[in-house]
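Taken from Swiss-Prot as is:
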type	residues	note
TRANSMEM	7-27	transmembrane segment
MOD_RES	PHE7	N-methylphenylalanine
DISULFID	CYS133-CYS151	disulfide bond
CARBOHYD	SER154	O-linked glycosylation site
Amino acid sequence: MKAQKGFTLIELMIVVAIIGILAAIAIPQYQDYTARTQVTRAVSEVSALKTAAESAILEGKEIVSSATPKDTQYDIGFTESTLLDGSGKSQIQVTDNQDGTVELVATLGKSSGSAIKGAVITVSRKNDGVWNCKITKTPTAWKPNYAPANCPKS
């Protein structure tokens, strides 16, 4: 008798079934991971502007996100993000009330995942110098674990 070479059909079917089960578990986990990572990155990009905002407040200048600020204004130095709606400096909406309160707002869009697209990140400063972060207007596919601990969904 000749020795068997190769695999039987049932062995191949078992391997395909195992790979299918592993993929069914891994793909949703990976999608959640990428969504969390994108939200965390966007929050970090917006939060990084707090230092520039503090400098503007100390100098008594109005905080703006503009390529051509006036002498009485301070550009926070934001560069374009692939995760936020809009283009260039307009991706960040700045509200400076000139009383020490500031609000930096960005909307997730562009290349961000569909589960997080449209969520709004707001980083705000009270006049006592305390900064807060919150995420609002989340899409229906949003999961609670997407928001980082330092910027909860409200």
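Using the three backbone atoms N, Cα and C, a Cβ is placed for every residue, glycine included.
Fair warning: this is a prediction, and the values are worked out from it, not measured in the lab.
Taking the features listed in Swiss-Prot, we show where each one sits on the structure.
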residue : record                : DSSP (3 states)
PHE7    : N-methylphenylalanine : coil
CYS133  : disulfide bond        : strand
CYS151  : disulfide bond        : coil
Please give the sequence-distant neighbours of the transmembrane segment (7-27): residues at least 6 beyond its ends with Cβ less than 8 Å from one of its Cβ atoms. none
State the Cα to Cα distance, in Å, between the residue listed as 'O-linked glycosylation site' and the residue listed as 'N-methylphenylalanine', rounded to an integer. 56
At the Cα level, what's the spacing in Å between CYS151 (disulfide bond) and PHE7 (N-methylphenylalanine), rounded? 53
Whole-number answer please: how many Å between the C-alpha atoms of PHE7 (N-methylphenylalanine) and CYS133 (disulfide bond)? 58
State which of the following recorded positions has the fewest other Cβ atoms within 10 Å around its Cβ: CYS133, SER154. SER154
For the residue listed as 'N-methylphenylalanine', what is the tally of other C-beta atoms lying within 10 angstroms of its C-beta? 11
